[in-house]
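**Student:** This is the structure I want to talk about, given as structure tokens.
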Amino acid sequence: MMRPGCVLVFCMCISVFLHCAISQPPTETDTYTECTDGYHWDPQTQHCKGILTKDINECETIPEACKGEMKCFNHYGGYLCLPRSASVIPAPEPPKPIHPSLENTASEPFNPCPPGFEPQGDSCVDVDECEQDSHDCQPSQQCFNTEGSFSCQCPDGYRKVGTECIDIDECRYRYCQHRCVNVPGSFSCQCEPGFQLAGNNRSCIDVDECGMGAPCSQRCYNTYGTFLCRCEQGYELGPDGFACNDIDECSYSSYLCQYQCVNEHGKFSCVCPEGYQLLGTRLCQDINECETGAHQCSDGQTCVNIHGGHKCVNNRSCQEPYVQVSDRCTCPITKPGCRDLPYSVVHRYMSITSERSVPSDIFQIQATSVLPGAYNTFHIRSGDDNGDFYIRQINNISAMLVLARAVNGPREYVLDLEMVSVNPLVSYHTRSVLRLTIYVGPHAF
């Protein structure tokens with residue numbers, strides 16, 4: 001680089017030339033000229049030169065020179081307290097100057113230019129110390145040529161203190177959204193679990209774990225920084241928070257189903273015993289085989305529906321000395337054997353459930369014909385050996401059969417309900433029987 005300077009004229013005296021050379025404007029350099037106590041600045045070596053013979057290592061001589069989390073670094077004429085994560089690149093020892101008596105001034109040509117310049121023809125040009133490797137920058141530093149001098153700069157992530165490069169703790173400036181990890185000359189940002197670094201390598205954005213194969217066995221809901229697993233109806237979340245386990249609804253209550261509860265995956269169902277069908281989802285209803293035709297009764301039989309099944313009864317059920325007259329059996333008074341027997345017997349059939357609440361009216365008896373002036377009484381003639389029933393007379397022509405005690409099935413009763421008619425004015429006395437067959441079902445429904 002050419003710079004206007006003094007033109008050498010043969011007739012000019014040396015003193016004028018020197019005055020002209022010294023009058024060059026000074027150039028600023030990026031170097032420190034202030035030294036710590038015990039040292040002074042040596043412009044020739046561009047270093048702090050010790051007045052004392054030996055530097056004192058304060059890090060060893062001063063107890064607890066640095067407090068807290070700070071670390072002590074010794075340097076020429078003092079020491080530094082820096083974070084423990086800091087790195088220091090030490091400067092090489094300054095070259096020892098040659099004793100003045102030993103200097104070989106004869107080998108060095110005379111340079112009429114200011115420091116940092118060299119003559120070129122009639123002008124002084126800048127010396128590129130970086131290119132000529134005549135600088136004293138540390139190996140870790142980068143040399144930049146300046147006009148008349150040079151500067152030593154630290155790599156990115158370091159700052160220059162004296163002649164040393166000290167690591168910059170970028171984490172102090174909170175560059176990272178979550179966590180910062182300082183490393184020599186740089187730093188890195190890390191995110192909390194459930195987040196990932198954004199494109200700027202500093203911010204943290206939420207991770208959609210559900211879209212990345214979260215271990216939820218059924219439903220996955222992404223939330224800020226995490227995710228939640230949820231289960232379908234009929235399942236509950238396991239202890240690990242991921243798996244869904246079937247809920248055994250049947251074990252929680254015995255009232256879910258009228259008959260029997262069957263647990264299934266994610267649900268339950270109710271079943272009914274044979275002879276019943278499901279009413280809705282939980283109740284059981286008796287199947288009337290007589291109406292649906294699902295019976296095996298013959299033409300000479302009558303189908304009687306009962307709880308949980310059916311019965312086939314013969315249409316001709318009269319026994320001697322009774323004869324069949326319409327729907328009843330009668331005993332003619334002309335037959336000697338009929339004198340002590342009821343005049344007529346009518347067969348009826350009914351069915352009741354087990355565990356029926358008591359007392360309970362279950363069957364009403366009604367006289368079909370009544371003679372004028374006759375008094376009628378009703379009672380159980382036979383079939384109630386345990387006293388499970390009783391008769392409550394309503395009026396002169398009707399009475400109610402009452403269940404006195406709760407009974408369980410399957411069970412069958414055959415009760416002869418007798419009506420006695422008496423007319424004392426005409427010496428009239430007759431009896432008729434309603435033979436009632438009661439089937440007790442096996443269940444309470």
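Using the three backbone atoms N, Cα and C, a Cβ is placed for every residue, glycine included.
Annotations in TrEMBL come from automatic prediction, not curation.
Pasting the relevant annotations from TrEMBL:
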- 126-166: domain 'EGF-like' (DOMAIN)
- 167-205: domain 'EGF-like' (DOMAIN)
- 246-285: domain 'EGF-like' (DOMAIN)
- 1-23: signal peptide (SIGNAL)
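Each of the listed features needs to be described in terms of its position in the shown structure.
**Tutor:** Long-range contacts of the domain 'EGF-like' (167-205) within the same chain: residues 83, 85-88, 155-159, 224-227, each at least 6 residues beyond the stretch ends and with a Cβ under 8 Å from a Cβ of the stretch.
Long-range contacts of the domain 'EGF-like' (246-285) within the same chain: residues 232-236, 307-309, 442-443, 445, each at least 6 residues beyond the stretch ends and with a Cβ under 8 Å from a Cβ of the stretch.
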**Student:** Treating G and I as helix alongside H, and B as strand alongside E, what does DSSP give for the domain 'EGF-like' (167-205) in helix, strand and coil?
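**Tutor:** The composition, in the requested order, is 4 helix, 16 strand, 19 coil.
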**Student:** Under the DSSP assignment, what numbers of helix, strand and coil residues are found in the domain 'EGF-like' (246-285)?
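**Tutor:** Residue counts in helix, strand and coil order: 3 helix, 18 strand, 19 coil.
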